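S.K.: Before anything else, here's the structure in question.
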Amino acid sequence: MLDPNLLRNELDAVAEKLARRGYKLDVDTLRQQEERRKVLQVETESLQAERNSRSKSIGAAKARGEDIEPLRREVNELGEKLDAAKAELDRLQQEIRDLALSIPNLPDDSVPVGRDENDNQEICRWGEPRSYNFDVRDHVTLGEMAEGLDFAAAVKLTGARFVVMKGQIARMHRALAQFMLDLHTEQHGYLETYVPYLVNHDTLYGTGQLPKFGADLFHTRPLEEEADSSIYALIPTAEVPVTNLVRGEILEESALPLKMTAHTPCFRSEAGSYGRDTRGLIRMHQFDKVELVQIVRPEDSMAALEELTAHAEKVLQLLNLPYRKVLLCTGDMGFGSSKTYDLEVWVPAQNTYREISSCSNMWDFQARRMQARYRSKDDKKPRLVHTLNGSGLAVGRTLVAVMENYQQADGRIQVPEALRPYMNGLEYIG
């Protein structure tokens, strides 16, 4: 959520920045709401003061032996007017909050202006895609040859966009997650966390999935019943529970940066993606991911974004997977992001790069929703932290990349050296 002071005092500048990402801010409505809020605020304060004054007069009149009934009626009438004004002010403030919750984050000035992924800016490439002297197979074919990917069984059990993994393919999937966690905890300084896969709606509001993206989630009960605290949603990413660990907290400055990682399944309805990536593991309703989260001081967040992205890149480098780093344009960034890098891994069967990690600096956008703050020795009042997150990496898509980039002419899959300690020294699958 944006700073309310920006919406009150710098509305035109905010609207211009939001326009860069293709969002049209309803400036007129916001101005009208703010003017009405000021009027109601003054009215309620005036009625409260007058009611207090007249209430005190009752005691004085009673001491003088005067008839206090007229004063009581007046106080009651003032109370009714005050209650009505407060109710209207509460309704208006809720309208303002609802509108504020629907407004995306402001893009950083370093983000290129553009409409969609075609306007993203490639920063660099790492590694050279391998040349093959045989017809390249995709991961679905390779997985079936290894008797390790069974999509038909998943359809029987659940439906489309699910998979059953077996044997050495399932083992490699597990090995990848273990390898990523060990790298991030032992070399990059992250604290491993285990978190719930079901979260409440306060948690989803905190990181920005609600109220705007409820249709993308799997809920235990209909979303319309959200007033019931027993309604949960399956997490779309570990970013949601891990970041919310600091919700409502005031951290000591000495505790920052706080770096956490978690390996979880992720659940997404993929609303709006009908017909896209229907074959294989690229776009699933359930997939595993190792998430990286950093909670930092505001002045450190841009450097932290570079560091976090480098940590995700290190996984690809150690697996020797060619990739490219892309800076997303304003029109392609996520709702809560101020700046995002995507890492795209080379997928031979598609002859292109596909997203495998998205690393974002959220500024204080999530922190304001969560009221996540820290106490600085230089400030009397606690300040909002900045939050960052990124995939380190998406495990299923990493499996796709390993299977296709390490495939052999006979259909076997070579196990990357970095993974062999996690697979009892196994060199080939199939």
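Numbering starts at 1 and runs along the chain as displayed.
Even glycines carry a Cβ here, placed using N, Cα and C.
Pasting the relevant annotations from Swiss-Prot:
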type	residues	note
REGION	44-65	region 'Disordered'
BINDING	Thr237, Ala238, Glu239, Glu291, Ser391	L-serine binding site
BINDING	Arg268, Ser269, Glu270, Glu355, Ile356, Ser357, Ser358	ATP binding site
S.K.: From the DSSP assignment alone, can you count helix, strand and coil residues within the region 'Disordered' (44-65)?
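M.R.: Counting residues per DSSP class in the region 'Disordered' (44-65), I get 20 helix, 0 strand, 2 coil.
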S.K.: If you pair up every Cα among Thr237, Ala238, Glu239, Glu291, Ser391, the residues annotated as binding L-serine, what's the maximum separation in angstrom, rounded to an integer?
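M.R.: Farthest-apart Cα atoms in Thr237, Ala238, Glu239, Glu291, Ser391 are separated by 9 Å.
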S.K.: Which of these binding-site residues has the least crowded Cβ, counting other Cβ atoms within 10 Å: Thr237, Ser269, Ser357, Ser358, Ser391?
M.R.: Ser269
S.K.: Whole-number Å distance between the CA of Glu270 (ATP binding site) and the CA of Ala238 (L-serine binding site)?
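M.R.: So the alpha carbons of Glu270 (ATP binding site) and Ala238 (L-serine binding site) sit roughly 17 Å from each other.
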S.K.: Can you give the largest Cα to Cα distance in Å, as a whole number, for the residues Arg268, Ser269, Glu270, Glu355, Ile356, Ser357, Ser358 that bind ATP in the record?
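M.R.: Between the outermost Cα atoms of Arg268, Ser269, Glu270, Glu355, Ile356, Ser357, Ser358, the distance is 19 Å.
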S.K.: State the Cα to Cα distance, in Å, between Ala238 (L-serine binding site) and Ser357 (ATP binding site), rounded to an integer.
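M.R.: That comes out at 13 Å between the alpha carbons.
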S.K.: With Glu291 (L-serine binding site) as the reference Cα, tell me which of the binding-site residues Glu355, Ile356, Ser357 is the closest one.
M.R.: Ser357
S.K.: Cα-Cα separation of Ser357 (ATP binding site) and Ser391 (L-serine binding site), in Å?
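M.R.: Cα-Cα, rounded: 5 Å.
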S.K.: Compute the C-alpha separation of Glu239 (L-serine binding site) from Ser269 (ATP binding site), stating it in Å without decimals.
M.R.: 17
S.K.: Which whole-number value in Å describes the distance between the Cα atoms of Glu355 (ATP binding site) and Ser391 (L-serine binding site)?
M.R.: 10
